[in-house]
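Feature annotation from TrEMBL assigns Mg(2+) binding site to E67, D84, L86, D87.
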Amino acid sequence: MHPMLNIAVRAARKAGNLIAKNYETPDAVEASQKGSNDFVTNVDKAAEAVIIDTIRKSYPQHTIITEESGELEGTDQDVQWVIDPLDGTTNFIKRLPHFAVSIAVRIKGRTEVAVVYDPMRNELFTATRGQGAQLNGYRLRGSTARDLDGTILATGFPFKAKQYATTYINIVGKLFNECADFRRTGSAALDLAYVAAGRVDGFFEIGLR
């Protein structure tokens with residue numbers, strides 16, 4: 001295993017365990033709105049702190065780009081850890097058990113390793129450049145579809161960027177006549193992991209950051 005992937009897995013599991021524990025104690029969750037239809041909780045922030053601490057212990061010189069804290073510059077600008085401690089915060093707030101921890105490492109602008117961890121299902125998706133993707137250690141294979149006929153497509157609605165609403169609706173209208181069905185789960189990280197696993201055939205969204 002790539003040494004940075006090992007640390008990413010460790011950080012994702014620690015954050016995931018914290019998230020799962022707080023999911024069982026909803027009265028301890030404090031939510032606030034940081035933008036239009038964009039929410040954050042004390043659990044997002046606590047999970048982020050756990051991830052940062054885990055990375056810093058092994059790679060104190062690396063730069064970390066976070067969902068809540070922004071960019072934490074390190075002396076080594078070539079290596080960037082990009083983390084979303086809780087992708088699917090709205091699901092978490094509403095107690096819909098579908099969310100994930102997302103961590104990726106970019107070296108000189110190119111993503112080299114990535115982790116998506118679903119703490120509610122204990123599903124750990126990992127990927128290393130040139131070595132494919134795995135789920136809990138087993139090799140993943142994506143969809144074999146060559147066209148849209150019969151496909152299931154995952155998507156995300158642009159509620160945080162409503163200026164794209166008309167464009168998005170037009171895209172959905174065109175795809176509606178081509179594919180078999182849509183899925184909208186509320187976690188883009190898991191949607192993309194599901195594409196890698198062949199659970200859905202593709203994913204599209206506008207305004208995703």
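Note: Cβ is positioned from N, Cα and C throughout, glycine not excepted.
Take the mean position of the Cβ atoms of E67, D84, L86, D87, the recorded Mg(2+) site; other residues of that chain with a Cβ within 8 Å of it are D44, I83, P85, G88, T89, A100, V101, S102, A189. DSSP assigns E67 (Mg(2+) binding site) to coil in the three-state reduction, placing it in neither a helix nor a strand. DSSP assigns D84 (Mg(2+) binding site) to a strand in the three-state reduction.
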